[in-house]
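The structure appears right after this line, and notes come after that.
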Amino acid sequence: QICNQHNAETPNLEQLLHRMAQTEPNLDHDISWFLLPSYWAKMVVALISFLCFANSYDGDFVFDDSEAIINNKDLRAETPLGDLWHHDFWGSKLSSNTSHKSYRPLTVLTFRINYLFAGGFYPVGFHVINIILHCTISVLMIDVFSILLGGLQFSNKGRRLNLAPKTSLLAALLFAVHPVHTECVAGIVGRADLLCALFFLLSFLGYCKAFRENKEGHNFSIFWVLVSVILGAVAMLCKEQGITILGLNAVFDALVINKLNVLELIQKLLRKDQSLENSGLLRKGLLFRITLLMSGGASILYIRWRIMGTGPPAFTEVDNPASFADSLFVRAINYNYYYSLNAWLLLCPWWLCFDWSMGCVPLIKSVSDWRIIALAALWFCLIGLICQALCSEDSHKRRILTLGLGFLIIPFLPASNLFFRVGFVIAERVIYLPSIGYCILFTYGFSLLSKQAKKKKILAVAVLGILLINVMRCALRSSQWRSEEQLFRSALSVCPLNAKVHYNVGKNLADKGNQSAAIKYYREAVRLNPKYVHAMNNLGNILKERNELQEAEELLSLAVQIQPDFAAAWMNLGIVQNSLRRFEEAEQSYWTAIKHRKKYPDCYYNLGRLYADLNRHIDALNAWRNATVLKPEHSLAWNNMIILLDNTGNLAQAEAVGREALGLIPNDHSLMFSLANVLGKSQKYKESEALFLKAIKANPNAASYHGNLAVLYHRWGNLDLAKKHYEVSLKLDPMAPGTKENYNLLRRKLEQLQKKGG
């Protein structure tokens, strides 16, 4: 649909744009840089952006990838597709009190497609898609920057012209190689930012198409305005920042299409000047288009609000300490300090960290803190740029500075804490879109320096040097994101006061079996943050395994005191109390854990072990049955049920449970072994033998498997086979209990038989 906003007195839009191109200075005239055909420029940007992050293609799942991908049931085929629209990014129900309310169903859908095509959790496919997305976005940036830096103009055939090929190439290269983007590209959960950016740019380019010339003269296309709104909605369904493109489209329309002088407009509004009607606000349909954009944005936000519910996400003080400060002054001053740190990461992206919470950035509590200088520097620069953007007599300068500041600030607003509390201090991923504004300002500053400089080539070499350094920094940072060990250790030098960094290093070491080193990092995490309950829980677990039960109990008791609904800590406290033979307290701790996490199969399993120790066999069987109902593949619970029924002489019931378990977990060799023992006692030798042999095939180095098969043959009268498996069992474990005695009995029997035969 085409909307005519044209009359006899209105000049043709093409003439206006040609006149603007002729009268306004062109940034390309002032810089010494490469001039490449459009196709080659895009090939160069794609290649360089690929080289920056190519070494991350075969990295592992790291950090948040575990929760968003590996533990996210929404990726699995058995989860209905419709659930994606009612769950948050991490797979939790949006209605849940624990939900982060991060509603990104389209991003999760791409993860699900990755998972289905790969046939499982293989990270290569996930990483390759991220790299391709960043390359695509970087290439699109050439078109975006050509409009933002050179203006919007179409040929007679309706083809958009690139009026700033050199500066748009430079800005796109700056974007493509910025090291702060590593988290988005090398970290798989950064897919949300990449998809959001892709549709964000497509929405902007779609909006620009609304002003393409046609035969009827000065027109705009409602169709493309609506397409832009829809693409903005798609961007928001990938990540929340996407909605900000609608505001930026409105700013672009006012400054580039309508060439409004913001300061002059403000002055006329204050004076209630009647000449407002002649300002182009109504004549060119600006108010109508802004109404479409704002109506679309309001509708999108309302629908999202209805889906996610009215409750805000639940964050803790360690996630964002400034937002929990009692003093408005402390909150304001720290928020502004965070902004200055984000700005510094754009200017000098050398100190990068996967997590900036938990003491990484200590709170500023008084004006005597020297870090106030950073705030002053930030606002000095911003106010200077804003004054130039509003007051400069050069309309070209006003336009570029306002667009640069708009793209820098507006996409950052959802992460600014101004409208709602966010769950982080600094997050490098949220600077992906604002870096567009930084690239505009950097490129414009470079053109101004080039205009004044006598030796332009020296400046060009300096910028090339910056690009080369950034490429190397991207490659280095990408290699650090390849594994959790490298990623976590890289943060120790950047944020040594961050308890979460030490916790993650400790957890990584513990997962690899290096408990002694893990203890050191867990202790440091607790020292840095005495209320860090997860570090206390993990440290208590290791101490429990090392039989240092007293300290383990103290840590776990403190953890549940700080966070009374911490179910895992309650369960681990119960295990320690059970080991200390304080059975009543252990039982109470287990039930408290189940109270706070009703679907807790591991806790039911441990409760069953407690009841078994107390000879409360019925209670033990019920607890283990609950564990298997909640988690049908809980092998340990099934095994314990079979063994307890076997030991109490309930062979028929033990056999029934064993067959039920193997029906659910057919390849579990421990279950085969337990059921084989029961069948042997029931004199079902042939079936028992088959299960023993199958278990041994799955786990040939288990001495007990060979030993018990030998006992079966011994009973069955297959003495030669019994002798063979006794010997294998003793070879694998010379100290195997009972095996040596049984073997000696068999040897004496064989000797007696030989004597009788002789």
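Cβ atoms are placed via backbone N, Cα and C, with glycine included.
TrEMBL labels come from automatic prediction, so no person has curated them.
Outside the transmembrane segment (39-57) by six or more residues, the chain places 124, 127-128, 130-131, 134-135, 138-139, 141-142, 165, 168-169, 172-173, 176-177, 182, 185-186, 470-471, 474-475, 478-479, 481-482 with a CB less than 8 A from a CB of the stretch. Taken from TrEMBL, the feature transmembrane segment applies to 39-57 (among others).
Feature annotation from TrEMBL assigns transmembrane segment to 131-151 (among others). Within the chain carrying the transmembrane segment (131-151), a Cβ under 8 angstroms from the stretch's Cβ atoms is held by residues 17, 20-21, 24, 26-28, 38, 41-42, 45-46, 49-50, 53-54, 56-57, 160, 162-165, 167-169, 171-172, 175-176, 181, 184-185, 191, 194-195, 197-198, 201-202, 204-205, 208, 252, 256, 400, 403-404, 407, 436, 439-440, 443-444, all 6 or more beyond its ends.
If you look up TrEMBL, you'll see 163-182 (among others) marked as transmembrane segment. Sequence-remote contacts of a segment are chain residues at least 6 beyond its ends whose Cβ falls under 8 Å from one of its Cβ atoms, and for the transmembrane segment (163-182) they are 21, 26-28, 31, 33-36, 38, 41, 44-45, 48-49, 52-53, 56, 134-135, 138-139, 141-143, 145-146, 149-151, 153, 345-346, 349-350, 352, 428, 431-432, 435-436, 438-440, 442-443, 446-447, 463, 467, 470-471, 473-474, 477-478, 481.
The transmembrane segment feature in TrEMBL is assigned to 188-208 (among others). For the transmembrane segment (188-208), the residues of the chain that approach it from at least six positions outside its boundaries are 61, 63-65, 68-69, 89, 104, 106-107, 110-111, 123, 126-127, 129-130, 133-134, 136-137, 140-141, 143-144, 147, 152, 160, 224-225, 227-229, 231-232, 234-236, 238-239, 241-242, 244-246, 248-249, 252-253, 411, 429-430, 432-433, judged by C-beta separation under 8 angstroms.
For 220-237 (among others), the entry in TrEMBL reads transmembrane segment.
Through the fold, the transmembrane segment (286-305) approaches residues 3, 5, 103, 210, 220, 222, 225-226, 228-229, 232-233, 236, 243, 246-247, 249-250, 253-254, 257-258, 260, 280 of its own chain, all at least 6 residues removed from its boundaries and within a Cβ separation under 8 Å. According to TrEMBL, the transmembrane segment annotation covers 286-305 (among others).
TrEMBL lists 311-383 with the feature domain 'DUF1736'. Residue counts for the domain 'DUF1736' (311-383) under DSSP (helix as H, G, I; strand as E, B; rest coil) come to 36 helix, 0 strand, 37 coil.
Feature annotation from TrEMBL assigns transmembrane segment to 372-391 (among others).
Taken from TrEMBL, the feature transmembrane segment applies to 403-424 (among others).
Annotated transmembrane segment per TrEMBL: 430-449 (among others), in sequence order. Among residues of the same chain six or more beyond the transmembrane segment (430-449), those with a C-beta under 8 A of the stretch's C-beta atoms are 27, 30-31, 141, 144-145, 148-149, 167, 170-172, 174-175, 178, 180-181, 184, 190, 193-194, 196-197, 200, 241, 244, 342, 345-347, 385, 400-401, 403-409, 411-412, 414-415, 459, 463.
If one looks beyond the transmembrane segment (458-476) by at least 6 residues along the same chain, the residues whose Cβ comes under 8 Å of a Cβ in the stretch are 31-33, 48, 51-53, 55, 170, 173-174, 177-179, 181-182, 349-350, 446, 449-450. Summarising the annotation, TrEMBL assigns transmembrane segment to 458-476 (among others).
Through the fold, the repeat 'TPR' (499-532) approaches residues 63, 318, 353, 355, 357-360, 484-485, 488-489, 491-492, 538-539, 542-543, 545-546, 555, 562 of its own chain, all at least 6 residues removed from its boundaries and within a Cβ separation under 8 Å. Per TrEMBL, the feature repeat 'TPR' maps to 499-532 (among others).
Annotation comment: TrEMBL describes 533-566 (among others) as repeat 'TPR'. Away from its own ends, the repeat 'TPR' (533-566) comes close to residues 499, 502-503, 506-507, 510, 515, 518-519, 522-523, 525-526, 572-573, 575-577, 579-580, 592, 596 of its chain (Cβ-Cβ under 8 Å, at least six residues beyond either end).
Residue counts for the repeat 'TPR' (601-634) by DSSP state, with H, G and I taken as helix and E and B as strand, are 27 helix, 0 strand, 7 coil. Feature annotation from TrEMBL assigns repeat 'TPR' to 601-634 (among others).
A mean pLDDT of 87 is what the model gives for the repeat 'TPR' (703-736). For 703-736 (among others), the entry in TrEMBL reads repeat 'TPR'.
Under 8 Å from some Cβ of the transmembrane segment (403-424) lie the Cβ atoms of residues 100, 148, 200, 240-241, 243-245, 247-248, 251-252, 255-256, 312-313, 315, 319-320, 322-323, 331, 335, 338-339, 342, 356-357, 382, 385-386, 389, 430-431, 433-434, 436-438, 440-441, 444, all in the same chain and six or more residues away from its ends.
Here the repeat 'TPR' (499-532) is broken down by DSSP into helix, strand and coil counts: 27 helix, 0 strand, 7 coil. DSSP assignment over the repeat 'TPR' (533-566) gives 27 helix, 0 strand, 7 coil. For the repeat 'TPR' (703-736), residue counts in helix, strand and coil come to 28 helix, 0 strand, 6 coil, using DSSP.
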